[in-house]
């Protein structure tokens, strides 16, 4: 190996060491989704990143999505997906598929991925230990094309009511990395489909996490010229939404980050999961690769 390459590797370690020391014993909640869950190289890199985090004393908690996988199984079963304002309408049949795919398939695939790469992971859904307590979402449809706001019944779509931390606390005290499926449970045992970003944000608050990290399929928050915005604060969120800089699916992600920050999470990151080792590049380098809200 050329001496220059060896020197560069040493520089990387020197840059990372202060961050490793600073974050030892801290909890990071990571929303895992998008292309990082599909591409084989990215999947391996993600597993290696969270294992390294655990080995240097960071406590990662993974919350995952699974929209494309749900859509694929629904298609095979002859069920037609329906969305309103970007939210999946979840009737009884759809809820059965959602729970089966998220808790039974996607969750265990991620657990297996981490274990095969040398880590120790265990999966759970929000039903386990009554971890994600939920209520039915009341969705009000409004916008430029809606003259009179109307309440829409989305079926078994829920919002987080409360996070019970007992199981997650036990994982944190061990070497096991928890992998959480965003399926919640209601007061009467109802099953709810909940947005994974929202679940991650609420878990970050409940676990008093140092960081919330959302993996996406874009570089982060971008200005109107497509240039990455490296850092924002709470007051920037409404401005970016009002002036149209942030649109579509980035809006709820930013709102989740703001809610987490208000709830005591020190920093929330939106990063590009299409970049190999995106997690390590964001948390162990001076420049990072995405957008951080502090």
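Backbone N, Cα and C atoms are what each Cβ position is placed from, and that goes for glycine too.
Sequence annotations record features per position, and here Swiss-Prot assigns substrate binding site to 66, 67, 88, 193 based on sequence analysis. According to its DSSP assignment, residue 67 (substrate binding site) is helical.
Around the Cβ of residue 31 (site 'Transition state stabilizer'), a 10 Å sphere holds 29 further Cβ atoms from the protein chains shown. In the three-state DSSP scheme, residue 31 (site 'Transition state stabilizer') falls into the strand class. Annotated site 'Transition state stabilizer' per Swiss-Prot: 31 (among others), in sequence order, evidence recorded as sequence analysis.
Look at Swiss-Prot and you will find 253 (among others) tagged as site 'Transition state stabilizer', backed by sequence analysis. Residue 253 (site 'Transition state stabilizer') counts 24 other C-beta atoms within 10 Å of its own C-beta, drawing on all protein chains shown.
Its own atom aside, the Cβ of residue 88 (substrate binding site) has 21 Cβ atoms within 10 angstroms in the protein chains shown. The Cβ neighbour count for residue 67 (substrate binding site), using a 10 Å radius and every protein chain shown, is 17.
DSSP assigns residue 253 (site 'Transition state stabilizer') to a helix in the three-state reduction.
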